[in-house]
């Protein structure tokens, strides 16, 4: 059997300085720097994965500048995306509350071919820092109320939960690409990455 290629466009959005560029660099190149310059407009990276013996996944990662939510360009950037990651800084409550605006902007401009919202993970980044400005209960409630696929804490600096979270997103996109699109009865739940990379805490 010949190999099958899957190409997915994944948006990485959120306020400035929450770690979007760091996430893209960590995931695509396994590198981290404290000295990234602020993204202007949009930046791109490619991640290629041997998903199975006969399937290759190519992720086109779109790192969208935090200021772009206030421009009309987001509709162009969002076009044809298969999934999204919305990030916030757990030590900054404003970036958390603004995640709702990013999600609303996304949902108003982008849907799957069947009209459903695209899969979207909420990443609580910089979890290695303290104190947190929001509680886990707040994040959990927020994720469910705003229609996220799920959420988890991440530390790009310490490379915590990055590959695991992205795997959950890829699995969701792969299911969608085979037209097995079913709404989860429970959405927005915390993604338990410790027990199994693709498990949901509600299961």
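Yeah, the Cβs are placed from backbone N, Cα and C, and that goes for glycine too.
Checking 22, 28, 52, 72 against Swiss-Prot for the annotation phosphoserine singles out 72.
What Swiss-Prot records as phosphothreonine, among 39, 71, 94, is residue 71. All chains included, 8 other C-beta atoms sit within 10 angstroms of the C-beta of residue 72 (phosphoserine).
Rounded to a whole number, the distance between the Cα atoms of residue 126 (GTP binding site) and residue 72 (phosphoserine) is 29 Å.
The most crowded of the binding-site residues listed here (126, 157) is 126, judged by how many other CB atoms sit within 10 Å of its own CB.
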